[in-house]
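Notes follow the structure.
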Amino acid sequence: MYSGAAAAAGPPRRDFISVALGPEEAIGVGGYNNSKAWRRRSCWRKWKQLSRLQRSVILFLFAFLAVCGVISYTSMGETWKSITNKSLDDQRTEQEIPRLKLANPAVLPAPQKADANHGDYPELSLQKPPKLPHVRRGPSNLQIKAPQRDTRLKTRHETMRAVEELVKEEKVEKTEKSIISWRGAVIEPDQSTEPPSSKITEPEKPSSLEAEDQKEPVPINERQLAVIEAFRHAWKGYKDFAWGHDELKPLSKSYSEWFGLGLTLIDALDTMWILGLKEEFEEARKWVANDLVFDKNVDVNLFESTIRILGGLLSTYHLSGDSLFLEKAKDIGNRLMPAFKTPSKIPYSDVNIGRGTAHPPRWTSDSTVAEVTSIQLEFRELSRLTGDEKFQKAVDEVMKHVHTLSGKNDGLVPMFINTNSGQFTHLGVYTLGARADSYYEYLLKQWIQGGKKENELLEDYMRAIEGVKKHLLQRSEPKKLTFVGELAHGHFSAKMDHLVCFLPGTLALGAHNGLAADHMKLAETLIETCYQMYAQVETGLSPEIVHFNLHAQKGHKDVEIKPADRHNLLRPETVESLFYMYRFTGDKKYQDWGWEILQNFNRYTRVPTGGYTSINNVQNPSNPEPRDKMESFFLGETLKYMFLLFSDDIDLINLDKYIFNTEAHPLPIWVPA
Ligand code: DMJ
């Protein structure tokens with residue numbers, strides 16, 4: 001403090017604290033003397049001149065300042081220590097990142113986020129990425145490396161160590177947390193009885209992962225090689241004449257366009273991955289990266305583009321770990337959402353993915369029941385991966401609504417539903433074939449996908465199978481084959497679509513997941529029937545629809561075929577069910593039946609210049625009348641299921657960890673067994 005005026009005014013008042021440092025004190029009287037002794041003496045003199053009160057106040061001030069100094073030093077020390085520790089931790093984390101990258105990328109379980117896209121999903125960026133190791137599958141000698149994968153740790157031993165550490169860390173984390181939080185929601189790890197469809201759960205590590213990873217890969221066999229050869233032949237035709245287009249027309253060496261989105265290429269991506277076709281996969285990936293554009297003024301069918309494009313992209317993302325496929329899946333998923341903007345929330349059949357508009361078919365405001373109830377696996381998975389609930393909400397709402405609807409017959413549903421009223425229409429006709437088939441399939445599969453907690457789905461599935469048994473099962477003559485017919489206004493028809501042959505596989509999958517054992521018995525009976533739909537036909541290939549004989553007639557087989565139904569579109573359903581049956585029973589006859597079918601596809605549908613074709617007449621081996629079209633599901637489903645059927649490696653798409661969508665695209669089970 002400086003107060004020259006106070007010094008000049010005489011002795012300071014005792015109650016007024018003032019330290020006067022006049023110029024004379026600063027420079028000394030008579031000249032400048034800055035010696036230490038002089039300064040000490042001068043300070044002491046000054047101190048003596050102060051009153052007792054002034055001295056006490058100064059002493060108190062010094063003491064106070066000293067205490068403050070000590071306190072702030074201690075707390076600064078703590079802060080400094082924690083900063084130092086944190087930076088050490090950070091360094092450690094950075095060192096661990098390569099290991100995480102190696103073990104985690106992709107495959108399965110982890111709902112992986114596209115790393116480049118945190119900006120789009122800010123809430124997700126707060127989430128700790130699940131530490132679930134990625135076990136790459138596919139034939140060992142044809143293993144494909146993930147396109148964007150960290151390859152720093154290369155040996156099996158190193159990988160295993162990384163996996164072990166991650167598993168350990170995860171265990172610690174689990175015991176520390178009694179609840180888990182995902183996208184801001186707090187969820188009990190052990191699910192309660194709350195309606196599960198409203199919840200999105202965090203996926204967990206497959207329990208058998210460690211053991212699985214230690215197993216030596218099973219070598220591929222001759223039959224699998226034959227499937228690879230068939231795939232390559234089909235792919236050659238597509239590549240030469242239809243690259244980037246929807247479907248190959250192998251005879252005219254051209255292509256057909258449905259949505260104009262490279263349907264065959266996308267449908268085939270995960271098949272290439274599973275078959276180990278690295279070069280083909282890389283080439284197709286480039287097309288997806290550079291040429292697949294969804295911003296197009298084009299009408300697409302919601303169901304078809306969901307199961308083939310969205311499903312194909314999601315499964316390829318899971319298998320490869322390549323975020324490109326997730327980005328594309330998000331894009332198409334968002335573009336399909338306008339379909340749900342209807343008065344009833346039952347989606348329209350068609351969406352213009354460029355304009356963002358949706359509409360029903362021109363002649364009706366109805367949608368097909370199978371279509372609106374077989375898009376759930378894909379949209380639910382998209383929600384889980386992106387953290388955006390809107391996809392799951394939209395499709396769950398459809399299922400909840402259908403659950404409550406009247407017009408069912410012992411769990412069997414009509415084929416149409418109105419997008420305005422939300423009610424079933426065309427009541428009284430029940431089939432497990434076209435327009436209803438995958439409704440039943442997705443009841444079971446959603447229940448499995450979600451960890452077997454969504455009871456309404458299970459109830460609807462179980463009731464429907466009872467409905468099938470009660471109303472639709474009959475036995476044919478002379479072989480007494482059990483088949484699934486149709487019911488139209490109380491009248492039974494002995495007609496069965498080839499599409500119904502998904503059912504044995506679905507029943508077997510349900511039984512494998514703990515449902516009634518008699519479902520497995522029924523599956524065994526029905527797959528025999530589906531096989532006979534091939535075996536009793538001249539080309540050894542099934543027609544699109546058969547009619548079973550209910551009465552024995554001399555010279556008649558069980559299976560009758562009407563001229564309008566004798567085409568074969570290279571469909572997968574029987575091979576699909578054979579795959580499930582072989583996986584769950586180990587009975588080699590299922591592989592043999594599949595092998596016969598593959599040979600007959602080669603005999604009657606293979607086009608020498610590349611590709612396979614659907615045919616018009618399965619009853620005429622000398623001229624099956626090629627139709628000049630290779631459906632995308634031949635590569636997406638039929639050949640994939642063939643390859644898996646011939647494999648003895650149950651970990652090649654383990655059915656306790658993956659659930660196949662209705663287009664054969666495997667998606668992770670959220671809570672694997
Ligand atoms: C595929 O697109 C799907 O399997 C769908 O569920 C039914 N139709 C074809 C195959 O036949």
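Each residue, glycine too, has its Cβ placed from N, Cα and C.
A TrEMBL annotation is a machine prediction, not a hand-curated record.
The following features are taken from TrEMBL:
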ACT_SITE  Glu304  active site, proton donor
ACT_SITE  Asp437  active site
ACT_SITE  Glu544  active site, proton donor
ACT_SITE  Glu573  active site
BINDING   Thr662  Ca(2+) binding site
COMPBIAS  190-200  compositional bias 'Polar residues'
COMPBIAS  201-216  compositional bias 'Basic and acidic residues'
DISULFID  Cys501-Cys530  disulfide bond
REGION    183-217  region 'Disordered'
TRANSMEM  56-76  transmembrane segment
Among Glu304, Cys501, Cys530, Glu544, Thr662, the recorded positions in the record, which have a C-beta under 6 A from ligand 1? Thr662
Glu544 (active site, proton donor) in three-state DSSP notation: coil
Across all the protein chains here, work out how many other Cβ atoms are within 10 Å of the Cβ of Cys501 (disulfide bond). 29
For Glu573 (active site), the closest of the recorded positions by C-alpha position, picking from Asp437, Cys501, Glu544, Thr662, is Cys501
I need the CA-to-CA distance for Cys530 (disulfide bond) versus Asp437 (active site), whole Å please. 15
Candidate with sparsest Cβ neighbourhood (10 Å radius) among Glu304, Asp437, Glu573, the listed active-site residues: Glu304
Within 10 A of the CB of Thr662 (Ca(2+) binding site), the number of other CB atoms across every chain shown is 27
For Glu544 (active site, proton donor): intrachain residues, at least 6 apart, with Cβ closer than 8 Å: Asp497, His498, Asp565, Arg566, His567, Asn568, Leu569, Arg571
Distance, Glu304 (active site, proton donor) to Cys501 (disulfide bond) (CA atoms, angstrom): 19
Need the DSSP three-state call for Thr662 (Ca(2+) binding site) to compare against my parser. coil
Roughly how many Å separate the Cα of Asp437 (active site) from that of Glu304 (active site, proton donor), to the nearest whole number? 14
Cys530 (disulfide bond), number of other Cβ atoms within 10 Å: 30
Measuring Cα to Cα, how far is Thr662 (Ca(2+) binding site) from Glu304 (active site, proton donor) in Å? 10
